[in-house]
């Protein structure tokens with residue numbers, strides 16, 4: 001996956017199955033825990049919220065990915081942690097950006113529940129930032145669970161290729177939200193069968209390894225690079241927005257089954273915590289809203305890529321709403337997986353439209 005999980009797990013016990021769970025009290029999780037962190041504070045004078053997923057990289061060092069929003073705009077900005085070459089124990093968060101474009105950068109220390117340091121914008125402006133671990137009223141706190149297993153293609157071979165299977169998911173406190181999260185992970189029908197993520201993991205893991213052994217058995221003696229037989233499947237969750245009783249998440253699937261690269265994609269969802277329901281487009285917009293959304297999304301894409309003709313960078317002339325969306329308090333964001341409207345190299349694309357640009361079709 002983007003976090004290079006598989007390299008880490010090649011070093012784990014060959015047939016081990018491990019489960020780790022973080023707690024849900026107000027105490028800051030340990031740096032070695034898999035955890036969800038919600039931080040609130042300022043960049044300069046601007047209030048911001050940050051949603052961090054804390055994991056481990058292949059060297060078992062803390063690794064972070066996530067999104068943050070300025071309260072004024074609430075457009076989700078994604079980031080990932082970069083290696084600190086200074087040796088000073090800094091946490092460096094690099095914003096995702098269009099290829100060859102400037103990007104924003106957080107550089108600071110995360111200690112005792114406070115992340116502080118200096119933020120450099122894509123335009124080069126430097127500002128101090130201070131963000132504090134906190135779950136105020138209107139936000140949702142979760143336990144975070146990681147379960148994984150690795151099996152060798154050849155049981156008695158020291159350097160055998162391996163299959164790896166992992167689930168990373170959140171456990172909310174409220175039953176209705178637990179059920180909703182499970183549906184996002186496995187779909188409505190299988191959620192009725194499995195009842196909980198642990199059961200889903202057991203069944204899906206067994207199927208994965210059965211299929212893995214059957215597929216690679218005839219290729220083990222070939223001269224091809226054994227690395228192509230290191231199959232991987234990972235299902236994980238991200239928090240995109242979490243404040244004011246509005247929660248947006250993404251369920252991310254990643255798989256590698258040989259070839260030049262793996263495949264991945266995110267399915268997004270928003271939950272109204274006050275009404276205890278998943279939000280649909282029909283909840284937000286009037287009938288016949290598609291044309292207005294297409295116009296706004298196309299404009300957002302042109303702005304993002306700095307082009308007048310989208311076919312210079314994408315497969316499409318215009319960006320249409322696809323149903324894979326989430327909300328913030330001040331706008332809507334549509335998500336497009338690799339190959340949906342652009343090349344694999346373009347990555348997964350998110351286009352945000354403020355509600356102020358959609359007044360004519362808002363309910």
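Cβ atoms are placed via backbone N, Cα and C, with glycine included.
Because TrEMBL annotations are produced automatically, they should be read as predictions rather than curated entries.
Copied over from TrEMBL, here are the features:
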type   : residues : note
DOMAIN : 205-264  : domain 'Deacetylase PdaC'
DOMAIN : 282-355  : domain 'DUF3298'
Taking only the residues in the domain 'DUF3298' (282-355), give me the average pLDDT of this model.
97
With DSSP, how much of the domain 'Deacetylase PdaC' (205-264) is helix, how much strand and how much coil, in residues?
19 helix, 25 strand, 16 coil
